[in-house]
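S.K.: In case it's useful when we look at the structure, here is the feature table from TrEMBL:
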{"type": "TRANSMEM", "residues": "B:6-23", "note": "transmembrane segment"}
{"type": "TRANSMEM", "residues": "B:35-56", "note": "transmembrane segment"}
{"type": "DOMAIN", "residues": "B:65-104", "note": "domain 'NADH-Ubiquinone oxidoreductase (complex I) chain 5 N-terminal'"}
{"type": "TRANSMEM", "residues": "B:76-96", "note": "transmembrane segment"}
{"type": "TRANSMEM", "residues": "B:108-125", "note": "transmembrane segment"}
{"type": "DOMAIN", "residues": "B:126-404", "note": "domain 'NADH:quinone oxidoreductase/Mrp antiporter transmembrane'"}
{"type": "TRANSMEM", "residues": "B:131-150", "note": "transmembrane segment"}
{"type": "TRANSMEM", "residues": "B:322-346", "note": "transmembrane segment"}
{"type": "TRANSMEM", "residues": "B:450-469", "note": "transmembrane segment"}
{"type": "TRANSMEM", "residues": "B:595-616", "note": "transmembrane segment"}
{"type": "DOMAIN", "residues": "B:607-672", "note": "domain 'MrpA C-terminal/MbhD'"}
{"type": "DOMAIN", "residues": "B:682-762", "note": "domain 'MrpA C-terminal/MbhE'"}
{"type": "TRANSMEM", "residues": "B:790-812", "note": "transmembrane segment"}
{"type": "DOMAIN", "residues": "B:792-914", "note": "domain 'Na+/H+ antiporter MnhB subunit-related protein'"}
{"type": "TRANSMEM", "residues": "B:818-838", "note": "transmembrane segment"}
{"type": "TRANSMEM", "residues": "B:850-875", "note": "transmembrane segment"}
{"type": "TRANSMEM", "residues": "B:895-917", "note": "transmembrane segment"}
Amino acid sequence: MEFLLSSAIGVLTAAGVYLVLRLRTFAVVLGTTMLSYAINVFLFSTGRLVVDAPPVLRYGAETYTDPLPQALVLTAIVISFGMTAVVVLMALGAFLEGGDDRVDMPRADRLPDHRAGDDGA
Amino acid sequence: MSPALIALLPFIGALLPGLLIRSGRDVAAISCGTATFIALLGLCLHIPAIMAGEVITARFEWLPSLGMNANFRIDGLGLLFGILILGIGLLIITYARYYLSRNDPVGLFYTYLMLFQGAMIGIVLSDNILLLLVFWELTSLSSFLLIGYWRHLPEGRQGARIALTVTALGGLAMIAGMLILGNIAGSYDISDILQAREAIQASPLYVPALVLILLGAFTKSAQFPFHFWLPHAMAAPTPVSAYLHSATMVKAGLFLLARLWPVLSGTPEWFYLVATTGLLTMVSAAWIAIFRDDLKSLLAFSTVSHLGLITMLLGFGTQGAAVAAMFHIVNHATFKAALFMTAGIIDHEAGTRSISRLGGLRRLMPITFTIGTLAALSMAGVPPLNGFLTKEMMLQETTEAVWFGNGTVLYVFGTLGALFSVCYSLRFVTQVFLGPERDDYPAHPHDPGFGLLVGPALLVVLVVLIGMFPNTSAAWLVAASSSAVTGVAQDPHFALWHGVNLALKLSLTAILGGLLLLALNPGMLAMRDAVWRPDGKRAFDAITRGATGVARGFTERFTNGSMSRALGALSMTIVATGLWAFSTGRYQGASRPMLEVGVVPLTGWILLMVATACMVAFHRLRILALVLVSIIGLIVSGTFIYLSAPDLALTQISVEVVTVVLLLLALNFLPKYTILDSADRKRGLDAFVATVTGLGFGALSYCIMRSDFAFPPISGYMLENSYKLGGGSNVVNVILVDFRGYDTFGEITVLGIAALTIFALTETLLAGASGRRLRNWVHDSLRAGDRHPMLLVVVTRLILPISLVVGLFIFLRGHNSPGGGFVAGLVVSIALVSQYMASGFSWAQERQSINYHAFIGAGVIAAGITGIGAWFAGLPFLTSTYGYVKLPGIEEFELASAMGFDLGVFLCVVGAVMLGLNSLTRIARQTGATVNLEPMDVDPSKEAEHR
């Protein structure tokens, strides 16, 4: 089981990283989503894997799973939604303003605009 | 009044103009003046105690572990500077009220001025050098704002930048020096440092500390070769120049020299560094001042020269010189502030400050002429004005000091400085006021109103009073401050007439020589213009350009604007760091047994692998990729269920729904296909990076899962106390709303901010060029024939009440069973979103009146109030309590205060999700999407009626 989960984490990470390295915004957004999955599952797994022992107190139950990583991951899931939403809107804004959805900056955009500077620095 | 309060008052005053400026500039000025006046009064109430030799202190612990405490003290030195800063500040506030024009943002000016005043008062009243450094940096920043106040003038911006660069760099050096000093003394409190003279001077680090501290003081006080920023700072409005460059900012460096005089002075290093720099500055700046055409520039260089004079006196290290230095600080502040204000009046009334365009103002502006002349004569050192007294004392000290075994060089140069000083002072008088009246002034000069004159007039009265009756008017203050500087009780006695001694002869030489030089001035002006001379500004510009070039070259080498490259490098660095950490760590191999693999997880794993592979392979078909992503998300939720995390599964699955809806909405306006624009080689490289990162991350998680905890996890405590302390049996929820409530509070706030950011971004987009583009949008795909299908509308309507009840149920059970505010919020959002999807956003929006902004705010407030509620029970923030309630008709149930917190989470989540989606649909509205009048496209009941 541990092997299955860790290989899944690895594959999700690899897919996420590959997509994040693409040159178009939408692929990058998908990539961050994949990376969120991988990292949430990874954080969750630091509590070690337990089957059939949810962190809800019951009479007679002896073993429980570790609740702390779960609480952390729960908020992480919601926050990553917030992050995805902001990034998507930024991507949309960049596309609408700039006319294309590339993520890298062409050289012309990087150099300071000399027309704007009036006092030489 | 407590010294801390005196230091705080100007900062309080800084808040007032912003609040009051709508009531007019008079009110703003009066509010600042009142704050300053109260602080001055509070300071003056301490005079009797300080005269009796007491030191008034106030101590607050701030960061005691770092030795940084908010300790304040008032001794004679602090008193002298405090009176100068607040007293002249009061005059400047009055002057500025009448000086600034209607078009200037006056409220802003007063805020900056009060900030600066507070920072200066903070410096002179600090009893902790780290606190002093904080205020020191604050003066650099606030003076930057003041100098650049007229931000429409390029000279103003440039002057402000030069001043900030030079003084802030000096400040950096000083931080290092102060840290060394505090380290040697074993304390950062000035009271302790002042006791540690022997230890400090014996330390091998004495010289580095001295040099670093002097760098800070010299840059601030515009000593050679850092003097060039001061003339450029003259682009500031004149009230700023009068304040910063006569009484305060430039005196901060001198204050520091005086403050640390007892521990640092008396060594040859101190003498040669400080006295030589001072002498050099005094003579060279006075020489430059002779030739300046701009009145304020002339005054700026004369200020540099006089600062050099005081620096030199402090550098001598003798008690007599220290007394003279303190006295000259007072005298210089009085006559120089008056002169700056006079220059401002001339500029204001005659329309120019260029000497070559002035002259003959004597009859046109008689009062200004009187004030300006008296102040200038004092600067020249003419008896019986106060400038004469200290010039004599300075010359007397130079005759007694010996420089590299030579007893004459100091007084020769001292006399030369005084001679130049006479020349430029008289030039100010003769070429501005005397001579024939002209008819080509840019404006019609006449004496200004009372408001502009009162400040300089009062100061000139002081100039005369101190000159005539030094022992009754100023001796007490000089005595108090020089006693504090030297550490020995001083009782100076000043006199205009000391008999015919060397100092008097030198003084006479200076005056006669100055007059002669003045007569020669026009010819010399031409001569000097022909000779090359170094220009500090040009050097500064060259250095700045060089530094910018180096920085840009460095940046360009490392980043070329490609995010892909940067992130690839980041991934590889993380992997390499991880490998290095692993190889040097103490991993002892797998120690936990593996769980058995059943059929279900294996199926899930295979599905996940296939879905991920397809997703990567087909990611350029964006809608297909989105479908695949949601499949992956579902499998992840399944994983959470299987591995005993029902809360996570619920959250993941509901987040999945809203994320996909969100991405679909965005995809409406993005290309549906990703163009293939990276070469095979790049894709191969990326695949390699991705594989390596994935392998590393997978291996890491495998190692973690297979090994035991290195130390017992803290969750044992949470499991044990969840019910006892939090009153809930769902430990995850109790952690969220109770044990780690602070985290959750922060997280819902972040979520709310993210949603508001989305809203703000949308507003900006719709207002700008994108808005126009959207209004002319041509949809690239055909509209669905049946956009609001009957089946969907009917089903979502039926589901809505059920979903809301489910949401409520999940919310209520959350404390004891899987569920809670996060999940409930998401479920309710989905129920609402499905209404929007079925009948269109606008249609649905018109039928509800919920403001999602208010939801976010209400959520954060509800959570906050619940947290604060604990205070009333005398418990820390967010401590929860619970009890059982029995209502007739239903079972006994539990009510926990944490529920209020969870309600806040719930509201915040609903508000944030809905606001985010709302923003995206507003973009869709912009493209002219039609609003349907009916909830669904085909309504059988309506058609039946028609028939």
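Counting begins at 1 with the first residue displayed.
Just so it is clear, glycine is given a Cβ too, placed from its N, Cα and C backbone atoms.
Keep in mind that what you see is a predicted model, and the values were worked out from it rather than measured.
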S.K.: Should anything in the same chain at least six residues away from the transmembrane segment (B:76-96) have a Cβ under 8 Å from its Cβ atoms, list it; otherwise answer none.
M.R.: 3, 6, 10, 29, 32-33, 36-37, 39-40, 43-44, 46-47, 50, 106, 109-110, 113, 117, 120-121, 124-125, 237, 239, 242-243, 246-248, 251, 255, 258-259, 326, 329-330, 333, 337, 341, 344, 451-452, 454-456, 458-459, 477-485
S.K.: Hey, would you say the transmembrane segment (B:108-125) packs against the transmembrane segment (B:790-812), going by three or more CB pairs under 8 A that are 6+ residues apart?
M.R.: no
S.K.: Can you give the mean pLDDT for the domain 'Na+/H+ antiporter MnhB subunit-related protein' (B:792-914), rounded to a whole number?
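M.R.: Mean pLDDT for the domain 'Na+/H+ antiporter MnhB subunit-related protein' (B:792-914): 85.
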S.K.: Using a Cβ cut-off under 8 Å, which residues of the same chain at least 6 positions beyond either end of the transmembrane segment (B:818-838) come close to it?
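M.R.: Sequence-remote neighbours of the transmembrane segment (B:818-838) are 646-647, 650-651, 654-655, 657-658, 661, 730, 732-733, 736-737, 788-789, 792-793, 795-797, 799-800, 803-804, 806-812, 844-845, 901-910, 913-914, 917, 921, 935-936.
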S.K.: If I count Cβ-Cβ pairs under 8 A between the transmembrane segment (B:895-917) and each of B:35-56, B:131-150, B:322-346, B:790-812, B:850-875, which range comes out on top?
M.R.: B:850-875
S.K.: Sort the residues of the domain 'Na+/H+ antiporter MnhB subunit-related protein' (B:792-914) into helix, strand and coil with DSSP and give the three counts.
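M.R.: Helix (H, G, I), strand (E, B), coil: 85 helix, 8 strand, 30 coil.
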S.K.: What same-chain residues lie close to the transmembrane segment (B:322-346): Cβ under 8 Å, and 6 or more beyond its ends?
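M.R.: Here the qualifying positions are 77, 80-81, 84, 88, 91-92, 95, 99, 238-239, 241-243, 245-247, 251, 254, 258, 261, 295-296, 299, 302-303, 306, 309-310, 313-314, 353, 358, 361, 365, 368, 371-372, 374-376, 378-379, 385-387, 389-390, 393-394, 396-397, 428, 432, 445, 448, 452-453, 455-456, 459-460, 462-463, 466, 474, 477-478, 481-482, 485-486, 490, 492, 494.
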S.K.: Given a Cβ distance threshold of under 8 angstroms, which distant residues of the chain, six or more beyond its ends, lie next to the transmembrane segment (B:850-875)?
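M.R.: Residues 741, 744-745, 748-749, 752, 755-756, 759, 881, 897-898, 900-901, 903-912, 914-915, 918.
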S.K.: How many of the residues that make up the domain 'MrpA C-terminal/MbhE' (B:682-762) does DSSP mark as helix, as strand and as coil?
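M.R.: Final tally across the stretch: 68 helix, 1 strand, 12 coil.
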S.K.: Tally of helix, strand and coil residues over the domain 'MrpA C-terminal/MbhD' (B:607-672) according to DSSP?
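M.R.: Once the DSSP states are binned, the domain 'MrpA C-terminal/MbhD' (B:607-672) shows 54 helix, 1 strand, 11 coil.
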